[in-house]
């Protein structure tokens, strides 16, 4: 028989044992988080957790700033600003996975915090927690991808395509109109047209690489459908009676980057044994291709505005078509966009504005290289309905401390033109190199063959690598005897290839009509070596402007420079060592803003020893220094015959890797710069024979394209130069692509007018 005190003690002990303490969550891998709710701000919303393949919410009990901070860091943001209780961002659906979450604030993910355990909760969805994160991304957080933003249902909606119905659309290699088909859990299904809207069409076209949609003649397609349904030989009628043939209903806002972000109902509501598309037909979509993807004879419709005016946004340094660092034009000057608040919706506006489809990835942290010059925009807040990026609310880039290490970039959906199937590499040591073999039409028959290496250079190799989907060309190879091509494809079928570098395929470049190759076939077929990253050299224009001055240098101190061909030809006729030369001197600082080190084209065995400078030169012609008239005629040349490449300076935390001394390795590391001071030999233009006047001072880096770069458009730097016979002034120094062409012209016209007034 238990006494009363003993019974009470036993009861209290049992209650303590039965009360479940907070526990650490046990899960396989770190669970994914997402923020959901109205609006397009990526850094705030209802907090949801993916567990066991299903998204669920988090209860607001005990949730505070420490817990919000852990969640925000896991989502890739720097920190949390605040949290919101009582389902401020709307009530979620499905399970409430977490309750009574308690974090120290140092955890790297929410599953490392204490809680009641997975699915153990006494909350309702009216208590769903929301968080507001700081918009700045963490340094290691690289991008927002469409695939990362999709839930389990979205990952089952794998891809979309258009099935051409009309004979006229079947003949084209690029399908822009047809029935919508969705690949769902490995099988293709058609979408019922009941409730189908233009917003749905816009999302489908964006996924397929098209910037906009066009109206469809639905009455005509209905007639074609009815005829097929009545045709006894057609299987269509029996197929449409199966719900597995259909996607029941799709409802998009038109701003989504992927159909899986829309409200998609695969089958009718459960419990209702009714057909998925009663009395309906397949949804038909017509898309409008961007200018780069239209056939040559196609004329844009009235609605398109790409041809009406030059876009005020561009992509730079991308390895593929439709990707790159985002730059915008303001006050006649190009500048970058800060990644604070950058997301897929804003990125899609850029893509569509440039004639591509929606964005498949919004990249942060200068993943596609850093820009130069101003940072024009930050905190871009597009809603998805805007026509251009300038229509979106934003802040000035200078307002919140953005640096070029925060430059935003994008990867867009582009149409499948089939060009990738018309080129291949053979015989290389890896899939990224080999003899270039192309498929062209010969006497009405499609044949594979080689490309003649006459005139084959980096511009042509860049197009080949891009067409292959392999990024940039690191080398254009003219002598490929050591690579065995595909048997039967050794005959040259393409010669005289000349590419501007912007073409989508080698077949679009100019070339000979009848094939003519001076070397014949075999060892002189064209080859390439491709890479997914490349350097990008840019001259520091401001430093040139600040350091320029004149020097009258005695000939007695110019023997070495004369040997290096750094003086004008008239120096040969002078009475050495008497007299002097007038030199326009300046410092140059060349940055590598790309994603790969800049290395010499040749190995050490080919480097040339220069006794005057007491070091090896790895590139014979690395820069051209010239003085031009306002109409572009050259009046003085001071080309830098050769360079020794090294890391003169690197940012804090980055180690120098290249040095000229002691026959060291030469190059310029990513993020570092090579400086040539104004007081070293050949760092000048010889203007002894130049009269007073107004000129253009021009510097071109890597002028012969000897080494591949991700962007050659910024290799030229120009300054306005005024010389009165005694003094010199340089002003308005800028890299070649800093200003648009008509702005450059207006500055020149203004200068001429000013001279006329004087």
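Keep in mind that glycine also has a Cβ here, set from the backbone N, Cα and C atoms.
Nobody curates TrEMBL annotations by hand; they come from automatic prediction.
What you see is a predicted model, and the numbers here were worked out from it, not measured in a lab.
Per TrEMBL, the feature signal peptide maps to 1-25. Annotation comment: TrEMBL describes 33-134, 160-288, 313-413, 423-531 as domain 'SRCR'. Marked as disulfide bond by TrEMBL: 59-123, 72-133, 103-113, 252-262, 338-402, 351-412, 382-392, 499-509.
Packing around residue 382 (disulfide bond) is summarised by its Cβ count: 24 other Cβ atoms lie within 10 angstroms of its Cβ, all protein chains included. Proximity of residue 509 (disulfide bond) to non-local residues of its own chain (separation of 6 or more, Cβ distance below 8 Å) is seen for 460, 463, 497, 498, 499, 500, 503, given in sequence order. All protein chains shown were included, and the count of other CB atoms within 10 Å of the CB of residue 103 (disulfide bond) stands at 22. Most other Cβ atoms within 10 A: among the disulfide-bonded residues 123, 133, 499, that distinction falls to 133. Residues within less than 8 Å, Cβ to Cβ, of residue 72 (disulfide bond) and separated from it by at least 6 positions along the same chain comprise 43, 78, 79, 80, 131, 133, 134. Confidence annotation: the domain 'SRCR' (33-134) carries a mean pLDDT of 88 in the model. Around the Cβ of residue 392 (disulfide bond), 20 further Cβ atoms fall within 10 Å across all displayed protein chains. In terms of C-alpha distance, the listed disulfide-bonded residues 103, 123, 338, 382, 392 place 382 closest to residue 252 (disulfide bond). Among the disulfide-bonded residues listed (338, 382, 402), 382 has its Cα nearest to the Cα of residue 123 (disulfide bond). In sequence order, 96, 98, 99, 100, 101, 121, 123, 127, 128, 129 are the residues of the chain that are 6 or more apart from residue 59 (disulfide bond) and have a CB within less than 8 Å of its CB. Within 10 Å (C-alpha to C-alpha) of residue 262 (disulfide bond) lies none of the disulfide-bonded residues 103, 113, 351, 382, 392, 402. Note on proximity: of the disulfide-bonded residues 351, 382, 402, the one nearest residue 103 (disulfide bond) is 402, by Cα distance. Residue 351 (disulfide bond) has its Cα within 10 Å of the Cα of none of the disulfide-bonded residues 338, 382, 392, 402. Checked against residue 113 (disulfide bond) by C-alpha proximity, the disulfide-bonded residues 382, 392, 402, 412 yield 402 as the nearest.
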